[in-house]
Amino acid sequence: MEPGSAKRRKIGHSRGSESAVGNIDAAASSGLSRGRAFILEAEELVDEVKLDYATALEGVDSLLHKIKGSIEAIEAHDALQISEAATKLEKKHKIQIPFPEPRPSDKSNYKVAFAKPSQFNVVGSYVSKTMIKAQKSHAVDMVVVIPGETLQEKDYLDLRYFYKRAYFLGVVAAALQKDLAEDGELSYEYLNGNTLSPILSLKLKVEGEKKEGRLDYRVRIIPCAPDNFFPKSKLHLGATLVRKAGGDESKAATKPTPFYNSTVVSESCFFPYLKLLRQTEKKCAAFKKACILGRVWLQQRGLGSDMADGGFGHFEWAVLLALLLQSGDSTKGHAPLSTSLSATQLFKAMVQFLSVTNLSEKSCVLGTAAVESETAGPVLFDAVRGLNIAFKMSNWSAAKLHQHAKWTRSLLNDSTADQFTPTFILKADLPWQNYDLIAHLNYDGKQDKTEPIDCRGRLWEYSDKVHRVLKRALQDEELGERARSIHIQLPKSSPWDLTKKPSTKQNHTIEIGVLFNAANMTRSVDRGPAAGPSNEEKEECARFQRFWGEKSELRRFEGDSIRETLIWSSTSPFDLCEEIMRYILKLHLRVAYLEDELTFHGDGFTELIPIKPTDTSVFNAARKAFSSFEKDIRDLDDMPLHWPESIVAIQRTKIAFLRMIGDLLERSKPGEVRSYVGLESSTTTNTELENLAYLDIVYESGPAFRLRIHSDLEEALLTRQSHDKTIDQHHRHQASVLLSNFRRLYYHLPLHTQSINTFATRFPAFSPTVRLLKHWFSSHKLASHFTPDFIELVALQTFLSPYPWDAPSSPSVGLLRALLFLSRWDWRSEPLIVDTNSDMPPSERSAIATRLEAWRKIDPLMNHTVLFVATAQESSGVAYTTVNGIAQPSKVVAARMTALAKTACRVIREEGVELDARRLFVPSTKEYDVLMHLSPKAIKAVSKVYPSEELTSTTTKSSSGSKYKNLSATAGEDALPLPSAPVDTFFEKLEQVYGSGSSAPLLFFRGGEEEKVVGAIWNPTLGRRGLKVNLGTSYKPVKSAGKRKLGGDEKDDEDKEKEEEEQLVEVNREAILSEIARIGGELVERIEVQRE
């Protein structure tokens, strides 16, 4: 589509750091030059998504005061043994205390007390006013500081603080349950999915009719530790702070606990970060807007602060941006980003920073600090506050963030693309548009006897093992990485009632998404390390064997090199990936012994159109045969090179040339070649000006080619005739149509074929994507209305302009993105511009858009031009969507294409991973007025013609045939190539008579050659009308419709008017259908009328 013209819709639904910081200045300083349109649209977006807080969060301030008063009124009590205090509270108030696992034992000596909170404050997006309308949920966060006198300095050890925090929360919950019973419903939930940090959630009751614009928000009560209460020096990422969880001395641990340590630090960072953000808001006027843009960008990609959403959301974005706007020791007194930058410049700078900072591979320290990050996972360390901002992230979510940032940076660097819509509007989090294979791994917690090390839970640690194993198996650079990305999606935690304990569900489903490296995924042999004599080589081979097990074997390759080798039996990319995943997970994690333990999704699309490894060899054989045929033609001698100065004479001369070529070929290769001259089907009424014949050349070895002759003089004569004003308009129009067909056949299609061939080599997934997309058009009976080259260009657009993703690496992803494009393309006002050369200047793009506007003014009803498609080689916009002077498709068919694509996208969203690919290809026939059922037997009978039948065409089959198949005259013969499929020819003729032009009574819908049911709808504009000549189709009279006054010369007397009845007629539908059945003969099995 034309850049910047996408249809707007509201969103409803340390050293490593120095290199990154060095790059964002360049991005920010050059931001304005990359498109004023992006800046204006982004500013408009911010205005659109902002909340009216007085209406949306009506009553929240009074509710916060009420909550504060209720908590302050809670009676304090002295320290009690934790099990005694918990039992007393739970029995008295009939609630559960949300202790983290493992719960404190009854023998624990920990004591808890309650005192009035030392401080209250409201934090988060409500304070900064950076909420947006389209958030998944809206919450106002109130922080309640646990008084220091109830805590001890060493409470950071062994979950002591978190036990006391949970008890404090239970006491608050008991009080609020009593005081706020009429205001709303209280429940527990985990803060950002962290099981160490339960919080209280109050959802308001709405009485009466909901006020327009008011949101269903909730208030979250978050206990926290006082600022700097725990010594930061004891909470570094390499410390081991959980040694005897639950008070059990027998369970001592020695491994570092970076997640636990960071959670403790984060408990005392609410106010420092609130102060940081408020200061940044005052210094940088565009900070809030940049945060809103960041929130939208993250949300559209499925990223958020919750651990299940990746652990990087709006808060992390805002804090990181604020830190980049601060000066410090590591920046030599200068901030990496200037506070004078605009919102879009800040957004682009953040995207640039995230695109060059891969937290899954290298730590990033903001400030000056020594960080032990070997076992900490992703690290984005704030040296001043001592917190790893990315502590909730996993390696796979950090890789996902980095990947999306790279894709967005590529988009923002593309000055020819529509930068705004893919960045902020398109939902980029649908699994089937991000991953080529999706697997579901069933996790049974009852079978997992391992003890969690770092308080993330068994499920998370098991998922981390799965990711590490798959990353080594599929992303080993030494073997040649098969996958570009491996992502794991874990289930989200849910709120629970105050009277219940959190869910202890043991069975979970882990979702694994794999994005293929199309260049390497088809590899069936992996060459490992060389089996050399050195100790290093021996150790490397041993390490390889330990990981791959019995699959590894020694093999000799060229040059007498002996290597550890992996041989896989599968051939397709999907099957290869499945085979590798099943083997390696079974080997290392003891899973997939049962078939339903590990299920795979995504191969349903390729099953619709089987793609075999032999396809490439067959294609190469065809190209080789064509090269041989080309050589045979070029080697012919005695070819005349003169043309007459007349189009009619040229067409007849072509026939002589074709016969001569056929004779010369047969003489030069006796017994190897047969040739047949065939007659073309006429496209206009003046057949003398058209190409009349073609030559079919059949090699005995199998290949067959159809030859037509191109004459430059013919184009010149047609051009002259189409501009000759001395002849009538009708003949000039015929010449223009023939000229357009000539250029399409001899110029546009050859160039198009060369271009498609190039991209099929460049993008391995492109060819099967085209096949799937053509199958989709055919399945929904649209194929006859669209040229194959148009469908190929739609598929190509998803590869050349894939934003907000990268180019598809599997046919399933390519198809779904093509359907997404078709569902969003506003072809009424936007051209499809496919920049096949990647260098189309803006001026040419603008000229194409202007050309479409001119067409719409000339032809507002779109009778002559509907879809406007331009490429670097053909910029007129109509060469791929106009055939024989008729728009393909018509406006009605183009609208149906859009509607079907939107329906398909809706099904994809609703079904998610469980999508059955076959559903997208099931046609609906209820919209058609008439269904024509074709006879498969008759189709098969008329689809083959044999040489002996051609020679004995004057003899009836009954006289020349035999009842024994092995005695048939055609036995052992190969069928001759047909000019076109008989079914296609039949319906082409029907469309010329009944389905072409505004006065056509029927519009036919059919798919490919194997289509057995053809749909048709009656033209609704052909209603009853007065009888007159040249009505255009078959009509029949209907009953009288009143009187018509005669006037002028028809009056016999001025005082007396003579009246006569006017005869009305209507389309004779029964006669038309009967005529179609008669013409079709045995080909038409029956005609079903669905509605009159």
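Glycine too: its Cβ is placed from the backbone N, Cα and C atoms.
For 1-22, 1038-1063, the entry in TrEMBL reads region 'Disordered'. For 1-13, the entry in TrEMBL reads compositional bias 'Basic residues'. The domain 'Nrap protein' annotation in TrEMBL covers 140-283, 286-427, 432-589, 642-761, 763-923, 926-1087. Annotation comment: TrEMBL describes 1050-1063 as compositional bias 'Acidic residues'.
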> Looking at the stretches 140-283, 286-427, 432-589, which one shares the most CB pairs under 8 Å with the domain 'Nrap protein' (763-923)?
Replying inline: 432-589
> Is the domain 'Nrap protein' (642-761) in contact with the domain 'Nrap protein' (432-589), using three or more Cβ pairs under 8 angstroms as the rule and ignoring pairs under 6 apart in sequence?
Replying inline: no
> When DSSP states are grouped into helix, strand and coil, how many residues of the domain 'Nrap protein' (642-761) land in each?
Replying inline: 69 helix, 18 strand, 33 coil
> So what's the mean pLDDT when you look at the domain 'Nrap protein' (763-923)?
Replying inline: 93
> With DSSP helix as H/G/I and strand as E/B, how many residues of the domain 'Nrap protein' (286-427) fall in helix, strand and coil?
Replying inline: 69 helix, 10 strand, 63 coil
>> Is it possible to list how many residues within the domain 'Nrap protein' (140-283) are helical, extended or coil according to DSSP?
In response: 56 helix, 32 strand, 56 coil
